[in-house]
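Engineer: Submitted below is the structure of interest, expressed as structure tokens.
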Amino acid sequence: MIDITLPLTDIHRHLDGNIRAQTILDLGRQFNIALPAQTLETLIPHVQVTSTEPDLVSFLTKLDWGVKVLASLDACRRVAFENIEDAARNGLHYVELRFSPGYMAMAHQLPIAGVVEAVIDGVRDGCNTFGVEARLIGIMSRTFGEAACLQELDALLAHRENITALDLAGDELGFPGSLFLSHFNRARDAGWHITVHAGEAAGPESIWQAIRELGAERIGHGVKAVEDRALMDFLAQQRIGIESCLTSNIQTSTVASLADHPLKTFLEHGVLASLNTDDPAVQGVDIIHEYHVAAPAAGLSREQIRQAQINGLEIAFLSDSEKRALREKVAEA
């Protein structure tokens with residue numbers, strides 16, 4: 001179902017949600033950190049979703065073991081590098097990796113700005129090694145509150161030339177976007193793009209707020225947009241993209257089943273929706289699974305899957321010339 005004549009992208013992919021189980025095991029041993037299991041086989045149920053979680057917050061607890069072993073900046077650098085290696089193995093030509101430096105720093109009180117620098121270094125080395133093109137999106141973890149998000153923002157702005165966009169993720173219901181208006185004003189002043197997790201746990205009003213108040217150019221997940229036809233019209237007319245993550249939305253119980261997922265409706269409505277993974281290591285999936293298994297199960301036709309692939313590059317945070325160069329590179333391969 002993947003069109004090999006087109007660039008394959010993943011523009012909603014959490015770097016700190018894609019820490020390999022083997023790496024968790026390795027780092028746990030290296031830093032003498034107690035893990036819930038001592039072999040790869042027995043560790044996987046603790047760090048990977050093996051059945052549907054009751055809600056988003058329950059799903060997010062699966063991520064915690066990955067960051068609990070980040071006891072040094074070198075460990076952060078390693079997982080960033082491995083993220084690019086994984087992208088290359090999946091056949092991705094372009095990936096946007098998003099990460100919350102405060103979340104990665106938290107368990108071992110690492111310097112947040114140091115985490116940002118380590119991630120930048122690891123991704124740069126990975127791109128040079130594996131030939132994948134990547135951009136970084138900084139996340140503010142809303143669950144930690146406004147002050148903690150300000151610390152994350154300051155650390156990201158210290159490396160602003162290496163960061164492409166700002167995102168807001170975490171507990172959407174408990175920490176609405178209205179708490180972070182000044183944060184996003186600073187991000188836009190820095191020339192960054194804006195994407196926001198919205199309409200995943202909260203309703204369409206959260207998406208409207210992300211667009212009108214935070215300046216979102218893309219929406220992460222955005223499944224609740226299907227409940228508001230005027231919103232879908234607006235998204236299509238204004239070319240505001242939706243970063244769809246099919247398997248993730250089932251695993252978090254955001255959507256009951258793939259057959260119920262609104263991605264097909266979005267595409268029929270002319271919304272620029274794309275296919276993405278979200279947290280591949282935690283979910284136990286890759287981008288190939290999303291195209292070959294999840295998308296058909298969600299009712300997408302072959303042409304709709306191709307359109308979602310086209311949309312992935314169309315709404316990527318790249319210039320028109322960069323998109324054109326990527327298309328030409330793939331066409332000539």
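One is the number of the first residue shown, and numbering goes on along the chain from there.
Using the three backbone atoms N, Cα and C, a Cβ is placed for every residue, glycine included.
These numbers come from a predicted model, not from an experiment.
Positions annotated as active site, proton donor by Swiss-Prot, on the basis of sequence analysis: Glu200. The Zn(2+) binding site annotation in Swiss-Prot covers His12, His14, His197, Asp278. Residues or ranges marked as pentostatin binding site by Swiss-Prot on the basis of experimental evidence: His14, Leu15, Asp16, Ser141, Gly170, Glu200, His221, Asp278. What Swiss-Prot lists as substrate binding site is His14, Asp16, Gly170, Asp279. What Swiss-Prot records for His221 is site 'Important for catalytic activity'.
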Engineer: Hey, how far is Asp279 (substrate binding site) from Leu15 (pentostatin binding site), Cα to Cα, in Å?
Structural biologist: 8
Engineer: Can you figure out which of Gly170, Glu200, His221 (the recorded positions) comes closest in space to His12 (Zn(2+) binding site), comparing Cα atoms?
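Structural biologist: If we rank Gly170, Glu200, His221 by Cα distance to His12 (Zn(2+) binding site), first place goes to His221.
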Engineer: In Å, rounded, how far does the Cα of the residue listed as 'active site, proton donor' sit from the Cα of Leu15 (pentostatin binding site)?
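Structural biologist: Pair distance, Cα basis, whole Å: 19 Å.
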Engineer: How big is the gap, in Å, between the Cα of Leu15 (pentostatin binding site) and that of Asp278 (Zn(2+) binding site), rounded to a whole number?
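Structural biologist: So the Cα of Asp278 (Zn(2+) binding site) lies 9 Å away from that of Leu15 (pentostatin binding site).
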Engineer: For the recorded positions listed here (Glu200, Asp279), which one has the lowest count of neighbouring CB atoms within 10 Å of its own CB?
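Structural biologist: Fewest other Cβ atoms within 10 Å, among the recorded positions Glu200, Asp279, is found for Glu200.
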Engineer: Centre the Cβ atoms of His12, His14, His197, Asp278, go out 8 Å, and tell me which other residues of that chain have a Cβ in range of the Zn(2+) site.
Structural biologist: Arg13, Gly17, Arg98, Ala169, Gly220, His221, Glu243, Cys245, Ser248, Asn276, Asp279
Engineer: Tell me, how many other CB atoms lie within 10 A of the CB of His12 (Zn(2+) binding site), whichever protein chain they belong to?
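Structural biologist: Its Cβ has 30 other Cβ atoms within 10 Å.
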Engineer: For Asp16 (pentostatin binding site), what is the secondary structure by DSSP, using just helix, strand and coil?
Structural biologist: helix
Engineer: What does the structure give for the C-alpha distance between Ser141 (pentostatin binding site) and Asp278 (Zn(2+) binding site)? Integer Å is fine.
Structural biologist: 15
Engineer: Just checking: which of Asp16, Gly170, His221 have a Cα that is within 10 Å of the Cα of His197 (Zn(2+) binding site), counting only these binding-site residues?
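Structural biologist: Near His197 (Zn(2+) binding site) by Cα: Gly170, His221.
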Engineer: When you measure from the Cβ of Gly170 (pentostatin binding site), how many other Cβ atoms are you left with inside 10 Å?
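Structural biologist: Within a 10 Å radius of the Cβ of Gly170 (pentostatin binding site) lie 21 other Cβ atoms.
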Engineer: With every protein chain in view, how many other Cβ atoms are within 10 Å of the Cβ of Asp16 (pentostatin binding site)?
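Structural biologist: Taking every protein chain into account, the count is 27.
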